[in-house]
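J.: What follows is a structure written as structure tokens; I'll ask about it next.
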Amino acid sequence: MAQTIPVAVSGPFPRSLDYLPPETDTPPVVGARVRVPLGRRQMVGMVTGPPRDPGLAGHRLRQITQVLDLQPLLDSELLGLISWSARYYHHPIGDCIATALPARLRQGYPAEPASETRWQLTPAGDEADIEALRRRAPRQAALLDALRSTDDLPAGQLAGLGGDARGALQRLVERGYATAVERADYGLITGRGTEGAPALNPEQAQATSALQPGAGHQVTLVDGVTGSGKTEVYLDAIARATAMGLQSLVIVPEIGLTPQLVSRFQARLSAKIAVLHSGLADGERLNAWLAAGSGAADVIIGTRSAVFAPLRRPGLIIVDEEHDASLKQQEGFRYSARDLAVMRAHRLECPIAMGTATPSLESLANARAGRYTHYRLTERAGNARPPQLRLLDMRGQPTTEGLSAPLLSTVRQHLDNDGQVLLFLNRRGFSPTLICHECGWLAECDRCDARYTYHRGRSRLHCHHCDRETPVPAVCPSCNSVDLRPLGLGTERIEGALQTALPDTPMVRIDRDSTRQRGRFEQHMAAAQRGEAQLLLGTQMLAKGHHLPAVTLVAIINADQGLFGADFRSPERLAQLVIQVAGRAGRAERAGEVVIQTHQPEHPLLQTLIHGGYPAFAEAALTEREAAGLPPARAMALIRAEAPGQTAPLNFLKAAAATLPTDSSVEVLGPYPSPMERRAGRYRAQLMLQANQRGTLQALLTDWLPGVSALPMARRVRWSVDVDPAEML
DNA sequence: ATCTGCATCATG
DNA sequence: ATGATGCAGATG
């Protein structure tokens, strides 16, 4: 029987498909892309293994049409990681590979970087009599001089040599003195490395000593309060990796965080830096990806999918803000970049650092179990004092638009002392609801189980779940009353209230609405940093990693909304948010004050956070999860299903649950409708599976899911598996 | 008789 | 996923 080649193609195929070797091309190597027929289409696929005996006997086999890569595009390390994650997350292998590749490569473009024409001296040019030339052709001579002083000249630099150098160059080429060479242009950022490294404090030195590129695998949790210099720890380790000729891969949660980190790396490191994120054009992304794989880049910094960047000479992996939920992909291939980074470091036998001021409970549990080494950075640079957290009891207080009188007077005090004030409210728009004062009608989205958010500036109702927008009705659709009133607080409303309460105080509002246009976020942030705006008001955009050294007061306007979330992770998210926002205050000499407005000042979560800080909160939360049998104490997977009709998702999940083995130790919950059952016109439901051991759950999923796919009802719903879900919604 | 929409099926 | 196929009901 003829041997076949396993090829992964995107589609609902849990494993690679078998194809016969190509007619004319030489057989592809493992990790090469190939063009293959599938049905009546041609697809780009990836060779995932050596030739084998076909799994399906008597099946009509088809042939590889074309081999697209002569060299492997994915080496065995990366292909191994992707295959592992396809199995772990129970997602089709072709889709996983597609996630790992830049769009251009997915589409079958050649794996070649952009290139640039450069002009180089030939041996004849080296020996040419430049003085003789100088008299008759001074321009050519000058050009020859320039070529002799460097390895090569980029085409773009010719203009700088005065006059039209193109003709002269043409003559030099004709004489055989110069020649054009094409050189790869990866678009890398060149680190200047001009800025010196500050001396590390003992805590930093200890953490960085655990990060030894080349000395085997170790996971280091760098748990450092805001301002404690986590980045210095990264920089120290990266510099050592670079000096050893090894690459560093740095994963950050959001694009917003990349520019600052990049400029800091650029100032400090003598290294070539590649940036990989979704904001890049297809070509730029391809270049950066190839720079990582060719070894042209020393440092690769990128978002989630950068965990799949190819590495020619891997030495170190860093995950920044490891607690951040956006490291987990929330649709399709639902992988965790943080967890895969750890797995990759393990397979590469290289060190990995995970940094945060508010460690995830998962990482803390791993540290407790001895799998990660936990380093705490408690000293803040430049004698900055830790901010003081204080609860402000809202009960019975007079308020104007959600701002209590005591809060307003604290704000005034800080403003009078030339302090900057940051007000945080995690809700954009004017109000989260619009209600009829006559009959109680609520403006609800007709495609979701949710209320519209009222945006007064745009005079629109906007559903934040499905993005639907409608004009604000002039009268109540139910009773024709004109008395429609905003209910609840958003940043837009607070902004108005502040303008009334504190006229003449320059203020900026920073949320998704006020920063919609390109560059507005940076613009606002710069105004804040220069001190032009004394009042800063915003959503969680404000909480992430920006230095605001003049801020002396941070106020969290409504902590209560995070206290009673549907998700078992809501408390953890709230605690992280509070600490992250609080971290914006008092970074310079002046100690910061943090005020948290709440109607629940006795709430144990807030009490623990105020008196014991994040470590005490995390300790308590871990104990709670233990008692409740929730992650990270146990392993969890969700089977999600959705369809236009209400019953189909639940029926499918019931049918699926009915095929579960009864003798398994895996606990089954549901199926039940999702917390927000209807979203964007589709009904959603889920089935929860839990086990004490990851392996138990994995084994069950592996045995059980193929049968679930084969259920007739599986074709009538859209369904997916979420291993280690980050959100229960 | 032909068209249209939807469910079902196969893809190596 | 995506495209092919078959069938039921609608259509001038």
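Placement of Cβ uses the backbone N, Cα and C atoms for every residue, glycine included.
TrEMBL labels come from automatic prediction, so no person has curated them.
Features from TrEMBL:
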DOMAIN    A:211-377  domain 'Helicase ATP-binding'
BINDING   A:Cys436, A:Cys439, A:Cys476, A:Cys479  Zn(2+) 1 binding site
BINDING   A:Cys445, A:Cys448, A:Cys463, A:Cys466  Zn(2+) 2 binding site
DOMAIN    A:447-628  domain 'Helicase C-terminal'
J.: Counting all other Cβ atoms within 10 Å across every protein chain shown, which of the binding-site residues A:Cys439, A:Cys476 scores highest?
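T.: Per the Cβ count, the most surrounded site is A:Cys476.
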J.: Could you check the binding-site residues A:Cys445, A:Cys448, A:Cys463, A:Cys466, A:Cys479 and say which one's CB has the fewest neighbouring CB atoms inside 10 Å?
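T.: Across A:Cys445, A:Cys448, A:Cys463, A:Cys466, A:Cys479, these binding-site residues, the one with fewest Cβ atoms within 10 Å is A:Cys479.
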J.: Taking the mean position of the Cβ atoms of A:Cys436, A:Cys439, A:Cys476, A:Cys479 as the Zn(2+) 1 site, which residues outside that list, in the same chain, have a Cβ no more than 8 Å away, listed in sequence order?
T.: A:His437, A:Glu438, A:Gly440, A:Trp441, A:Pro477, A:Ser478, A:Asn480, A:Ser481, A:Asp483, A:Leu484
J.: What is the set of residues, excluding A:Cys445, A:Cys448, A:Cys463, A:Cys466, whose C-beta falls within 8 angstroms of the centroid of the C-beta atoms at the Zn(2+) 2 site?
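T.: Filtered neighbour residues, in order: A:Asp446, A:Arg447, A:Ala450, A:Tyr452, A:His464, A:His465, A:Asp467, A:Arg468, A:Arg679, A:Ala680.
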J.: Could you round the CA separation between A:Cys466 (Zn(2+) 2 binding site) and A:Cys476 (Zn(2+) 1 binding site) to a whole angstrom and send it over?
T.: 23
J.: If I restrict to non-local contacts, at least six residues apart, and a C-beta distance under 8 angstroms, what lies near A:Cys436 (Zn(2+) 1 binding site) in its own chain?
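T.: When sequence neighbours closer than 6 are ignored, A:Cys436 (Zn(2+) 1 binding site) has A:Leu442, A:Cys476, A:Ser478, A:Cys479, A:Ser481, A:Asp483, A:Leu484, A:Arg485 within Cβ distance under 8 Å.
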J.: Expressed to the nearest Å, what is the distance separating A:Cys463 (Zn(2+) 2 binding site) and A:Cys439 (Zn(2+) 1 binding site) at their Cα atoms?
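T.: Cα-Cα distance, A:Cys463 (Zn(2+) 2 binding site) to A:Cys439 (Zn(2+) 1 binding site): 22 Å.
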J.: Check the domain 'Helicase ATP-binding' (A:211-377) for me and report the mean pLDDT.
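T.: Over the domain 'Helicase ATP-binding' (A:211-377), the predicted model scores a mean pLDDT of 95.
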